[in-house]
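S.K.: Input: one structure, supplied below.
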Amino acid sequence: MITIVGSGRVGATTAAFLMFYELDNEVTLIDVIKGLPQGEALDLNHAAAILGKSVRYKGSNDYKDMEGSDIVIVTAGLARKPGMTREELAGKNAEIISSIADQIKKYAPNSIVIITTNPLDAMVYVLYKRLGFPRNRVIGFSGVLDSNRMAYYASQIIGIAPESIIPVVLGQHGENMYPVPEASFVYGKPLTEFLTQEQYNDIVKKTIQAGADITNLRGFSSNWGPAAGLALMVDSIKKNRRRVFEASVYLDGEYGVKDVFAEVPVVLGKNGVEKIIELNLTPEQRQKFMQSIEAVKKNLTQVPPQYLK
């Protein structure tokens with residue numbers, strides 16, 4: 001069974017995308033708001049009936065209904081509101097994630113957990129510490145979205161399909177992410193060979209600003225892109241496809257970094273993170289990567305210390 005904790009835009013849209021992959025007969029949506037997950041589940045069941053899909057949705061306000069889940073997706077959390085500091089957001093979401101982690105540990109102790117809650121690299125660290133699961137079973141959703149945004153923007157300039165580009169984005173999921181066009185390829189040729197310096201700079205800027213651009217345009221954050229990426233990750237895990245994704249994972253010496261979650265390429269299969277792929281970065285690339293890691297560490301300082309143990 002797949003459980004989605006949080007029935008807002010990202011959670012509900014992810015549930016809809018999972019319908020088309022038909023990875024499990026049952027998807028459970030859990031939320032603290034009474035009626036919300038039940039309503040989403042009912043609507044999704046109607047859609048599944050129309051499309052002839054076998055998946056059945058259940059909505060609940062009781063965490064016990066995640067019992068036996070092999071994958072849990074956590075989309076719950078507060079969005080940053082006007083006047084709210086980053087420290088306040090980190091503190092409130094850390095409290096929420098810690099509470100959810102306790103329920104996952106109780107009812108789905110063998111699950112693989114993927115989280116989208118922001119600030120991502122800090123919240124996945126909180127989740128990992130609270131769960132006490134092996135690091136391969138705790139994953140932050142980040143790079144799938146960031147790297148494919150970069151591929152999209154590059155494809156618009158080059159004039160090829162985005163899936164023909166192998167993009168690389170490293171480090172923090174946020175304004176200090178490090179897009180690496182020099183390490184991104186189009187059938188063996190570096191992406192930078194197809195771009196002028198001005199185009200290169202523009203792609204990097206657009207990739208970093210993409211989330212904010214969506215929010216500024218429509219008044220709320222992205223849900224379609226994250227949901228599509230989450231469904232693809234779950235597909236690779238459930239079907240043991242061992243596809244390469246970028247995700248925020250716990251580094252324990254990889255890339256010269258320890259005790260931090262950061263965005264790097266990984267192989268996802270039936271055990272969660274099957275392998276962390278270490279790229280051969282140039283000294284300049286490594287310096288930029290480490291600058292991004294410092295931003296991740298700074299985010300952690302905004303989390304109340306009781307949630308980091």
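Cβ atoms are placed via backbone N, Cα and C, with glycine included.
Taken from Swiss-Prot, the feature NAD(+) binding site applies to GLY6, SER7, GLY8, ARG9, VAL10, GLY11, ASP31, ASN93, THR116, THR117, ASN118. The substrate binding site annotation in Swiss-Prot covers ARG80, ARG86, ASN118, ARG149 and is backed by similarity to another entry. Annotation source Swiss-Prot lists active site, proton acceptor at HIS173.
Show me how these features fit into the structure around them.
M.R.: In sequence order, THR75, THR116, ASN223, PRO226, ALA227, LEU230 make up the list of same-chain residues 6 or more apart from VAL10 (NAD(+) binding site) whose Cβ falls under 8 Å from its Cβ. In the three-state DSSP assignment, the secondary structure recorded for VAL10 (NAD(+) binding site) is helix.
Secondary structure at ASN118 (NAD(+) binding site), taken from DSSP and collapsed to helix, strand or coil, is coil. Taking all protein chains in view, 22 other C-beta atoms sit within 10 angstroms of the C-beta of ASN118 (NAD(+) binding site).
Classification of HIS173 (active site, proton acceptor) by DSSP places it in coil, neither helical nor stranded. Counting every protein chain shown, the Cβ of HIS173 (active site, proton acceptor) has 30 other Cβ atoms within 10 Å.
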S.K.: Distance check, please: Cα of HIS173 (active site, proton acceptor) against Cα of GLY6 (NAD(+) binding site), rounded to an integer number of angstrom.
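M.R.: Pair distance, Cα basis, whole Å: 20 Å.
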S.K.: What is the biggest Cα to Cα gap, in Å, among GLY6, SER7, GLY8, ARG9, VAL10, GLY11, ASP31, ASN93, THR116, THR117, ASN118, the residues listed as binding NAD(+)?
M.R.: 17
S.K.: Three-state secondary structure of ARG149 (substrate binding site) from DSSP?
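M.R.: Helix, per DSSP.
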S.K.: Far apart in sequence but close in space: which same-chain residues, 6 or more away, have a Cβ under 8 Å from ASP31 (NAD(+) binding site)?
M.R.: VAL5, GLY6, SER7, GLY8, GLY11, PRO37, GLY59, ASN61, ALA76
